[in-house]
């Protein structure tokens, strides 16, 4: 459930009229709901009851420090993939001891900084990385806590660009090689093995791929026991899907119950999850103004002031996201539109063949935009990044101001 609802045919974010936000802050505009973020995080956290667990919000999904601060206040951990994300977490008041560091290309500087602030663990993705971390930790006089990211070769049945658990993907160590890598890790003087990690993909709408991956990890854990290697945690990553249109992904409680049943023989093993989209997607919308309506022999176009520079998911993943009118009290003729943006690319669209009742100057909202929206935005076509607003009840807070045009070239120089 989210807190974007119609009241008297006008769209509200919690107790704030979205039209008022658009008029106050301008468009394009990302709007987030605090109550929705908190509800979704608690859905994961409460699902595990008294079982040792840690919910690590995936920073990549929605990296604004205003959002991260809400997560930190809830006691959330964080899944990061860069030093930039680490610094965001720290700036937002996050606890470094609840940070897990994923990613296939961790640099020397990133590893040093993570060791300096004492993150919870590195999710190691290759033998080379493991040796690199061991060397750097030794130079710093530290012991690096590590979890090996195991690639279980499980088909997540999702878009190929967000499938991460097949043997042809770049992520992690093959499940068939992981035992030997753990043995190697156990011999390195500056490494402490703390757990096992796995992430098979994103926007999964069924439980079976998760359970198949868990089965393979359990087999590996038993093998490690034979080798005298014990684990303190099992990190099953993120990936639980959300409802964009008519998808019916499992509820976090169903997911948790299935995992707890699988892991009932490991009561002391802490479970770590890394949800991102499942927390933030339906906690945000992207508000735009209809600049022009245009028709040709085959199509009607609603041309808006936002596009793939602000929301690239439709272009990159062929993602379907609902588009709705902000004010349904207005008398408008219904028509089928391709909703497009101002960017000079044919792939610049928010949605195709959508029935809308709109006129030029009206506001519309792209739903489920809280994940992989602002965090994947760009300045393509020299367009300034949009503002972001957080709604808390009947109050709104500007958590990112709109970029100025001068800031587009502030880091550049002529010769």
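Including glycine, each Cβ sits where the backbone N, Cα and C put it.
Under the DSSP three-state reduction, residue 60 (N6-(pyridoxal phosphate)lysine) is assigned to helix. Annotated N6-(pyridoxal phosphate)lysine per Swiss-Prot: 60, in sequence order, evidence recorded as sequence analysis.
The feature pyridoxal 5'-phosphate binding site is assigned by Swiss-Prot to 239, 274, 275, 276, 277, 372. The Cβ of residue 277 (pyridoxal 5'-phosphate binding site) has 27 other Cβ atoms within 10 Å, all protein chains considered.
Within the same chain, residues at least 6 positions away in sequence whose Cβ sits under 8 Å from that of residue 313 (substrate binding site) are 319, 321, 372, 373, 376. Residues or ranges marked as substrate binding site in Swiss-Prot: 277, 313, 317, 345, 372.
Taking all protein chains in view, 9 other C-beta atoms sit within 10 angstroms of the C-beta of residue 344 (active site, proton donor). Positions annotated as active site, proton donor by Swiss-Prot, on the basis of sequence analysis: 344.
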Query raised in the report: C-alpha of residue 344 (active site, proton donor) to C-alpha of residue 317 (substrate binding site): distance in Å?
Result: 18
Query raised in the report: Taking the centroid of the Cβ atoms of 239, 274, 275, 276, 277, 372 as the pyridoxal 5'-phosphate site, which other residues of that chain lie with their Cβ within 8 Å of it, listed in sequence order?
Result: 58, 60, 61, 202, 238, 240, 278, 279, 280, 371
Query raised in the report: Per residue, counting other C-beta atoms within 10 angstroms of the C-beta, which of the binding-site residues 317, 372 reaches the highest number?
Result: 372
Query raised in the report: In terms of Cα spacing, which of the recorded positions 60, 317, 345 are within 10 angstroms of residue 277 (pyridoxal 5'-phosphate binding site)?
Result: 60
Query raised in the report: Near residue 345 (substrate binding site), how many other Cβ atoms are within 10 Å of its Cβ?
Result: 14
Query raised in the report: Ranked by the number of other Cβ atoms within 10 Å of their own Cβ, which of the binding-site residues 239, 275, 276 ranks first?
Result: 239
